[in-house]
Each structure stands twice: as C-alpha cells, then as structure tokens.
C-alpha cells in the first residue's frame, strides 16, 4: 500500500483516484473548489464531473496545497496542460525531498511547445525530482470509474518509473503496459485531440463513414510525421498511446474534443460550444501549439492547419473541408 496525492479533481483524476483506492492505496485529492472537496469528503461523489459515480469511501480531498504535498511521495498530476507549470512551481516551493510525478495531461504548452513531462521538469528543482512519467491511452473516465475493461500505456525516461505506474494502477479491469517511448506516448495523447475535434466536425456536418475513416487515417499520418520529426518512434503511434487513443477520442460522445467538433459542425461558434459544455477542451490549446510547432519544424499538417483556421481565424467549417479536399494531387 502506497500513499498517493492526486492534484486535480476533474473526471479523469477522480476516476484514477478511485482505481488507486480500490487497489488498496491511501489517496488524497487536491482541488481549489471547496464545494467539490466537501462533496467528495461527505458524500464520496464528484457530481460536476462524474455525476452518477459512487467513489471509494477511503478517498479524501483537501484544498490545502501544503497538506497535499506533505501527504505522499507519489504525485498524480491530473490537471489541464495550461495549469501544470503553475501548480508544479507552487508544489516545488513546498518540497523538501524527492517525489515521483505521474501525469495524465494530454497537451502541448502554447508558448514553449513543450510536452507536459518537460513542463514538470522545468518547474521542479533537480533535488526534488524523483522521476516523471505519463499514463496515457484510450481511457474515458466515465468507463474507468464503472470498471469497464480499459488498457493504457505507462511511459517514462526511467524504466523504474514506468514499472511503478504499472504496479500502482493495474488490476482486473485496468491493464497497464509499459512503453519506453515517452516522447511518442505524450505526443500521441496530445495530437489526437486535434483530430478528434476535426472528427466531430465531420460528424456534425452529417458526413458518413467514408469521411470519418479518411480523417482518422490521414490524421494518424500527420501525428506520425510530426512525432518522428520530434524524436518519437513511429511504431508508438500504432499502439495504445497512438491509434488506440485516436480511435476512442474520435468516435465517442464521451470525448470533449469530439463533442466540441460536433457542435462546430452543426454551425455553432467555438465560444458558443464551450459555453454549453462548461469543461476544458485540451484540443483547442493543442491545435494552437501544434499549428505553430509544425510550421517551425517544417512538417506538413493540413488537417491541423484547417482546424486552426476554424478555431482562430473564423473560417467556416464548410470552407475548410472544401480546402482539404481540393489540395494538390499527392501520393499517399
């Protein structure tokens, strides 16, 4: 039995906290919303994110960052990408020893184009950094929390950290594979959100299976091109952290990114869609990062470019689809 602090009280952090508690670990969650914390401590629920799920009664929550930091030596960073750097810096100020950091964020930082493990590494001083890893793959929180069979990948530059993640989370409904390609696993998780928004647009516009299959296939090609340029193993994108995550995010109404795209395809603006959803949609920020990163690296990413125009330049979705279909002739 290990003590683990979960930073963030969103849907996935809550679902994974439940997994850890059911695996016999002592779990403390940290969040900023007092009502969420009180609800979890009193009723063992987090209705804002997993409205019908009854959580393990051993899970506790706090708004006290220092209490959360001192509670354990293993930190699960279940925060949106844009919050990772700030919270990591705040944590570092309170540390007196090395900690292991496991993140589940799927994004790329806007200004630096850094992956989440790099953001944590930047923010945590070397004397406090006991290793950084990621848990990623096709894993909707709504299914994990009700013990639907789920399979994910754990990755780190340190194989001992990958194995620790595997040992902490694996049980009879959550299977965890280790993967030594940290770059590929992180990029696969982040970049698929772009394609998921585009997939939702296609569905929202009423296009059929042919268009959806084409989008996912060509989307995977984009992900692989950029990933390989950034040092990832192309084979990673054929695994759980790549095509596995891509399929589940591009085909499910559980996916926030797909849902946003669907609303865009129906004619709503991004602002209108987000107002309805009231949730963080990582793919928006990732689209912005990857659009500029691809230009910097000289990597062709037409789907990403088209989505960037829709989200940030107010180009109609119908025009973007037409632009993609009318591109110059090419070999596959």
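Any Cβ shown, glycine's included, is placed from N, Cα and C.
Swiss-Prot lists 192 with the feature active site, proton acceptor, giving sequence analysis as the kind of evidence. If you take the C-beta of residue 192 (active site, proton acceptor) and look for same-chain residues 6 or more apart in sequence within under 8 angstroms, you find 106, 219, 223, 242, 245, 246, 249, 250. In this structure, residue 192 (active site, proton acceptor) is part of a helix by DSSP.
All protein chains considered, the CB of residue 282 (NADPH binding site) has 22 other CB atoms within 10 Å. Annotation source Swiss-Prot lists NADPH binding site at 11, 12, 32, 106, 141, 256, 280, 282, citing sequence analysis.
Note on residue 257 (sn-glycerol 3-phosphate binding site): other Cβ atoms within 10 Å of its Cβ, all shown chains, come to 26. When secondary structure is read from DSSP and collapsed to three states, residue 257 (sn-glycerol 3-phosphate binding site) falls in the helix class. What Swiss-Prot records for 106, 137, 139, 192, 245, 255, 256, 257 is sn-glycerol 3-phosphate binding site.
Cβ neighbours within 10 Å of residue 32 (NADPH binding site), excluding its own Cβ and spanning all shown chains: 12. In this structure the C-alpha atoms belonging to residue 280 (NADPH binding site) and residue 257 (sn-glycerol 3-phosphate binding site) are separated by 9 Å. The least crowded of the binding-site residues 141, 280, judged by other CB atoms within 10 A of its own CB, is 280. Of all the binding-site residues in the record (11, 32, 282), the one with the smallest CA separation from residue 139 (sn-glycerol 3-phosphate binding site) is 11. Taking the Cβ of residue 11 (NADPH binding site) as reference, residues of its chain lying under 8 Å away and at least six apart in sequence are, in sequence order, 46, 49, 50, 141, 142.
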